[in-house]
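Participant: Starting off with a structure, shown below.
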């Protein structure tokens, strides 16, 4: 039981110390207009091809929740 508690505490400590690799301004240096580009493309997809919009939304949540 003590070993299990030790590993649980160690995992929680590592999680608390982890730093995220992506930030809100991750692409600000390499592609400052990325938000506008993505927004414009998503609006175009929503207008032209609605099923593709649903597929992209599904892909986003599947990719994010799996990791």
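Note: Cβ is positioned from N, Cα and C throughout, glycine not excepted.
Any TrEMBL annotation is an automated prediction that lacks curation.
In case it helps, TrEMBL gives these features for our protein:
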type: SIGNAL; residues: 1-18; note: signal peptide
type: DOMAIN; residues: 21-67; note: domain 'Plant heme peroxidase family profile'
type: SITE; residues: 58; note: site 'Transition state stabilizer'
type: ACT_SITE; residues: 62; note: active site, proton acceptor
type: BINDING; residues: 63, 66; note: Ca(2+) binding site
Participant: Ten-angstrom check, please: count other Cβ atoms within 10 Å of the Cβ of the residue listed as 'active site, proton acceptor', all chains counted.
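Facilitator: Result for the residue listed as 'active site, proton acceptor': 10 neighbouring Cβ atoms inside 10 Å.
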Participant: Per DSSP, what is the residue tally for the domain 'Plant heme peroxidase family profile' (21-67) in helix, strand and coil?
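Facilitator: Computed counts for the domain 'Plant heme peroxidase family profile' (21-67) are 32 helix, 0 strand, 15 coil.
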Participant: Once the chains shown are all counted, how many other Cβ atoms turn up within 10 Å of the Cβ of residue 58 (site 'Transition state stabilizer')?
Facilitator: 10
Participant: Compute the average pLDDT of the predicted model within the domain 'Plant heme peroxidase family profile' (21-67).
Facilitator: 84
